[in-house]
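Q: Okay, handing you the structure first.
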């Protein structure tokens, strides 16, 4: 008997995650057909990209994959980057489809902006290159932040697992000795 | 009592609860053999406010029921259903982890709370930087909570205002204004860093962006009234205001002998923006 196919656990969040990215890309690509003014293209595209950055960082990262990253300035005045993830139980329970969508759309959007950037470079359009540059850096920031979170989470899990194994081993040995 | 095999829902709450339970055990003397009324454990745990200030006072009231529930929380940890209802705390996500080190449980807060928190952070940063207030004496502590949303809005707004006021070449005006302000902020920050100053890159970008607020106001006034004399007065006033806003933060960051070297370029940039505002017609 086939287990039922898992559906998206958070369809609304998934939608918003994809919505702003897609809107920014679509607007940028299609706007040349409708608007003559660079200002509108710039402002709307960058605004959509910034909203997408905020949504991914603060909402969909937390809800779809249980990861979070931010920057703090500690009391010594130094800048500290914090990477956080939910504990292993909750992470294991995350919906697979959600996280697949999260990561793949992140990578695809960055790749799309890269290609658009190459186009505008070829055409020597410096102002459009500016737009692409801003959007690309926002996407890259999110990718780097979340990848670091994931690596951190894996490292913690491995540490935890090895610690647990070590302590279990230790207690087994101890109980073996006390039985003698 | 073995609480050790309870699975920590959130990294923060476990240690707090253990500490609280130790205190309660001194008073309550409830051992493992005591029969205690069954209570649903999970809703209680997330509701204990976790704050970075001494939590004892605020935590005591809801405790009597929870000590009993925690005693039973040994095996059947009701797997926390997808996410418990929204827990809202006053402190913000990236907030000051003073001492107790437990980040507040903002994992499950509703989106609207996140939005409100970010908006209030923008407002408070603006008030901190641009308006006179006692925190300006300690620039290092101010703008701890930097964010780039405020600067983004102000730069775009200034570009739009200038572009609107321009009768020709609107796109170029916008592009030039935006690039000038963004690149200028980056270069000014690098300037401070190269002078051996201690400032954090994003904090400085954030500061320089917020200091554009007076120039925004000036640009709007100039857009509405086209009198040259008025424009010059308005621009001079807002220019002085912007420089006054940026002064303590920039000067605190560098060696006193190099203060002028750090501040002069900032002033220069604001003067050039001021000229841009006056010259646009």
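Cβ coordinates come from backbone N, Cα and C, glycine included.
Sharing the features that TrEMBL gives for it:
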type: REGION; residues: B:23-81; note: region 'Disordered'
type: DOMAIN; residues: B:132-275; note: domain 'Yip1'
type: TRANSMEM; residues: B:148-166; note: transmembrane segment
type: TRANSMEM; residues: B:173-194; note: transmembrane segment
type: TRANSMEM; residues: B:200-221; note: transmembrane segment
type: TRANSMEM; residues: B:228-249; note: transmembrane segment
type: TRANSMEM; residues: B:261-280; note: transmembrane segment
Q: With Cβ-Cβ distances below 8 Å as the criterion, list the same-chain residues six or more beyond the ends of the transmembrane segment (B:148-166) that contact it, or say none.
A: 118, 122, 125-126, 173-174, 177-178, 181-182, 185, 202, 205-206, 208-210, 212-213, 215-216, 219-220, 222-223, 273, 276-277, 280-281
Q: Report the mean pLDDT of the predicted model across the domain 'Yip1' (B:132-275), rounded to a whole number.
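A: The predicted confidence over the domain 'Yip1' (B:132-275), as a mean pLDDT, is 86.
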Q: Under DSSP, the domain 'Yip1' (B:132-275) has how many residues in helix, strand and coil?
A: 114 helix, 0 strand, 30 coil
Q: Same chain only, please: residues at least 6 beyond the ends of the transmembrane segment (B:200-221) with a C-beta under 8 Å from a C-beta of the stretch. Say none if there are none.
A: 125-126, 129-130, 143, 146-148, 150-152, 154-155, 157-158, 161-162, 165, 181, 184-186, 188-189, 192-193, 230, 234-235, 237-239, 241-242, 245-246, 249-250, 253, 266, 270, 273-274, 277
